[in-house]
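Student: Feature list, courtesy of TrEMBL:
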- Lys12: active site (ACT_SITE)
- Asp142: active site (ACT_SITE)
- Pro100, Val101, Ala102, Gly103, Gly104, Leu105, Ala106, Gly107, Gly108, Ser109, Ala110: ATP binding site (BINDING)
- 72-150: domain 'GHMP kinase N-terminal' (DOMAIN)
- 210-284: domain 'GHMP kinase C-terminal' (DOMAIN)
Amino acid sequence: MTDRVTVRAPAKINLHLGVGGPRDDGFHPLETVYTSVGLYDDVVATPATAWSLSLDAAAYVDADGVPLDDSNIVAAAARALADLHGRDVVAAVRIVKGIPVAGGLAGGSADAAAALVALDRLLDLQTSDDDLLRIAADLGSDVPFALHGGHALGTGRGEVVEPLPAGDAVLWWVVVPSTSGGLSTPAVYRHYDGLAPAASPVPAPATAVVEALAAGDVHALAEALHNDLQAPAVDLRPDLGELIALGEASGALRGLVSGSGPTVVFLCAGPDEARALAGVLQEDGRSALVANGPVAGAHVVHGI
Ligand code: C5P
């Protein structure tokens with residue numbers, strides 16, 4: 001039996017996030033383009049006779065608010081596998097967080113995707129890809145994308161994922177996590193509804209971003225970046241608007257709130273420009289991480 005399985009899953013950035021008016025179930029219809037970026041959470045699963053969950057976090061990650069009880073999405077992933085296979089799914093699971101928490105980078109979704117793959121491997125469950133994707137969609141709107149990685153078009157509430165070609169362009173990002181707490185995704189969606197009560201039921205199309213990716217044109221992509229949740233996030237946290245203005249005045253092609261925020265990401269022309277911008281932001285007292293993408297979705301890094 002395998003003695004330990006480590007699975008790594010990446011953060012996501014929405015290059016386009018078109019949000020329609022709320023559906024009857026309260027969720028918002030989306031047309032989104034996801035891209036994966038090289039900031040990761042690892043999930044390490046080892047054999048055990050009882051379930052346990054523990055957490056380590058990188059210095060720049062404030063993981064104080066992450067619950068380790070049954071409400072953690074990793075515990076929900078284990079329960080979903082147990083239900084599917086009609087057997088106990090028990091392991092000692094450690095989450096190693098490199099993705100900022102409650103930041104709009106889908107760190108919890110990365111944990112869920114990594115846990116599904118790690119527990120499947122550790123316990124040799126042989127779950128089909130279709131079942132993994134179905135369970136992932138039930139766990140959260142962004143979890144199927146965390147399995148896929150790369151670039152992908154997301155529709156439905158985000159859970160219907162269609163991979164897009166990787167294209168030629170490597171995207172260089174400066175990622176600036178918030179140092180003053182997270183933003184709750186439901187709260188940002190509610191604020192969106194308040195600011196735009198007559199929003200079209202149909203989300204804004206992602207055509208410009210899809211075309212820029214296909215052309216491998218980073219400058220066109222920078223122009224096309226679009227996030228309908230940026231206005232409500234900046235309204236709740238005006239400091240984000242100031243940060244975007246600072247980054248754009250300091251060499252970024254574009255700054256953008258990531259998903260529902262409060263992480264701000266800057267698309268840069270290349271690695272040198274990204275490192276230079278990170279230096280400027282760090283001198284301003286901020287934590288700024290350089291990362292590139294697209295990268296692979298949840299994948300085994302130890303225990304194959
Ligand atoms: O699917 P997920 O658990 O990530 O969603 C978290 C919350 O974000 C939902 O409960 C809902 O309030 C909001 N949401 C939404 N429309 C979406 C995705 C999420 O309103 N498409």
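Here the Cβ of each residue, glycine as well, is placed from N, Cα and C on the backbone.
Those TrEMBL annotations? Automatic predictions, nothing curated.
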Student: Based on DSSP, tally up the residues of the domain 'GHMP kinase N-terminal' (72-150) by helix, strand and coil.
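Tutor: Helix (H, G, I), strand (E, B), coil: 46 helix, 7 strand, 26 coil.
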Student: Select the most exposed residue of Ala102, Ala110, where exposure means the fewest other Cβ atoms within 10 Å, treating these as the binding-site residues.
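Tutor: Among the binding-site residues Ala102, Ala110, the sparsest Cβ neighbourhood within 10 Å belongs to Ala102.
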Student: For the recorded ATP site, enumerate neighbouring residues of the same chain (Cβ within 8 Å of the Cβ centroid of Pro100, Val101, Ala102, Gly103, Gly104, Leu105, Ala106, Gly107, Gly108, Ser109, Ala110, site residues themselves excluded), in sequence order.
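Tutor: These residues sit around the ATP site: Ala11, Ile99, Thr263.
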Student: Sorted by position, what residues of the same chain at least six away from Gly108 (ATP binding site) have a C-beta under 8 A from it?
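Tutor: Once residues fewer than 6 apart are set aside, Gly108 (ATP binding site) is near Ile73, Val101, Gly140.
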Student: Do me a favour and check the Cα-Cα span between Gly104 (ATP binding site) and Lys12 (active site); whole Å is fine.
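Tutor: It is 8 Å, counting Cα to Cα.
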Student: Which of the recorded positions Pro100, Ala102, Ala106, Ala110, Asp142 has its Cα closest in space to the Cα of Lys12 (active site)?
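Tutor: In terms of Cα distance, Lys12 (active site) lies closest to Ala106.
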Student: Using the alpha carbons only, what distance in Å do you get between Pro100 (ATP binding site) and Asp142 (active site) once rounded?
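Tutor: Rounded to the nearest whole number, the Cα-Cα distance is 15 Å.
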Student: Please work out the helix, strand and coil residue numbers for the domain 'GHMP kinase C-terminal' (210-284) from the DSSP assignment.
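Tutor: In the domain 'GHMP kinase C-terminal' (210-284), the DSSP-based counts are 44 helix, 11 strand, 20 coil.
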Student: When a 10 Å sphere is centred on the Cβ of Pro100 (ATP binding site), how many other Cβ atoms does it contain?
Tutor: 28
Student: Anything within 10 Å of Asp142 (active site)? Look among the binding-site residues Ala102, Ala106, Ala110, comparing CA atoms, and list what you find.
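Tutor: Final answer, ordered: Ala106, Ala110.
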